[in-house]
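To start, the structure itself, in structure tokens.
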Amino acid sequence: MSSKPKPIEIIGAPFSKGQPRGGVEKGPAALRKAGLVEKLKETEYNVRDHGDLAFVDVPNDSPFQIVKNPRSVGKANEQLAAVVAETQKNGTISVVLGGDHSMAIGSISGHARVHPDLCVIWVDAHTDINTPLTTSSGNLHGQPVAFLLKELKGKFPDVPGFSWVTPCISAKDIVYIGLRDVDPGEHYIIKTLGIKYFSMTEVDKLGIGKVMEETFSYLLGRKKRPIHLSFDVDGLDPVFTPATGTPVVGGLSYREGLYITEEIYKTGLLSGLDIMEVNPTLGKTPEEVTRTVNTAVALTLSCFGTKREGNHKPETDYLKPPK
């Protein structure tokens, strides 16, 4: 790490219209209530909380074909992109608290305006790469990557609310980790475009250590560049993050999640982070909500240097009694 790391700006994105379930807009508040901001301030980073973005309802937001709430999702992402771009311009790491994963469109678009050479690590049970034509649900939280990829430009009609979006990443700039629920159309896209992925099968076969090694070699082998980590908490097994909208059994363990974030921290290249799909209203018990939120907090802290082996302040001699 450089002697003084970049500051962090926390941006709340309390948005739920990329999917049908209420409650995910309460994610940012739940993460803050669990002490995320205070705990981040205990790290080596300077932390500023931008607060939550205020999203206004778009009236008469009728579906586009089967795509639901297109104008609301498009407008909210446009707002988020502007704030993230401003944050990045100031040399700050953007930390977006979701909110549903459709907000990655704005988060990554805004980040790429300032760092067009960025790469994306997408941790998720799902690829979120359905297009408005391949989606069977019409929910935009299953489509953000399709809007971001240059190779899919022109492969689906213009969706109202998204005229501002310019695809900003190539198929070779993204790696998926944790996949285990991929639609046929999505599978066709990732195979056809040659997108690098580590489904749970690869995680089982290689182990998470090798997965991260290969991820970095693939994305950073030729040139070091900024990393955008987009982390859907459903990437982890529902044992650890039950309070989320689309849980899928057989996911990453708590330990594997922390290993991913510890390794990303060690590169010194993390430049943008999304912590998405925490839905405090979906836990079957209060304990399930707490477990999900605390896991999301732990993953975030790990991105900024909190290690399982422990931490100590470099300038302190802990064997000297305090005066």
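Please read every residue number as a count from 1 along the shown chain.
Each Cβ is built from the backbone N, Cα and C atoms, and glycine gets one as well.
Here's what Swiss-Prot has on this protein:
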type: BINDING; residues: His101, Asp124, Asp128, Asp232; note: Mn(2+) 1 binding site
type: BINDING; residues: Asp124, His126, Asp232, Asp234; note: Mn(2+) 2 binding site
type: MOD_RES; residues: Lys17; note: N6-succinyllysine
type: MOD_RES; residues: Ser62; note: phosphoserine
type: MOD_RES; residues: Ser72; note: phosphoserine
type: MOD_RES; residues: Lys75; note: N6-succinyllysine
type: MOD_RES; residues: Ser163; note: phosphoserine
type: MOD_RES; residues: Ser217; note: phosphoserine
type: MOD_RES; residues: Thr281; note: phosphothreonine
type: REGION; residues: 1-27; note: region 'Disordered'
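Projection of Swiss-Prot feature records onto the structure.
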residue : record                : Cβ contacts under 8 Å, 6 or more apart
Lys17   : N6-succinyllysine     : Lys68, Asn69, Ser72, Val73, Ala76, Asp100, Ser102, Leu140
Ser62   : phosphoserine         : none
Lys75   : N6-succinyllysine     : Phe55, Val56, Val58, Gly161
His101  : Mn(2+) 1 binding site : Gly18, Asp124, Asp128, His141, Pro144, Ser230, Asp232, Asp274, Met276, Glu277
Ser163  : phosphoserine         : Gly74
Ser217  : phosphoserine         : none
Asp234  : Mn(2+) 2 binding site : Asp124, Ala125, His126, Thr241, Thr244, Gly245, Thr246, Pro247, Val248, Gly251, Glu277
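Taking Cβ-Cβ distances under 8 Å and a sequence separation of 6 or more, the neighbours of Thr281 (phosphothreonine) in its chain are Arg21, Gly22, Gly23, Lys26, Ala243.
Take the CB of Asp128 (Mn(2+) 1 binding site) and look out to 10 A: across all protein chains shown you find 27 other CB atoms. When Cβ atoms from all protein chains are considered, those within 10 Å of Asp232 (Mn(2+) 1 binding site) total 27, not counting its own. Broken down with DSSP, the region 'Disordered' (1-27) shows 4 helix, 6 strand, 17 coil. Summary of the Mn(2+) 1 site environment: with the site residues His101, Asp124, Asp128, Asp232 set aside, the chain residues having Cβ atoms within 8 Å of the Cβ mean position are Ala104, Trp122, Ala125, His126, His141, Pro144, Ser230, Asp234, Gly235, Met276, Glu277. Within 8 Å of the Cβ centroid of the Mn(2+) 2 site, not counting the listed residues Asp124, His126, Asp232, Asp234, the chain contributes His101, Val123, Ala125, Asp128, Gly178, Val233, Gly235, Thr246, Val248, Met276, Glu277. Around Asp124 (Mn(2+) 1 binding site), a 10 Å sphere centred on its CB holds 28 further CB atoms from the protein chains shown.
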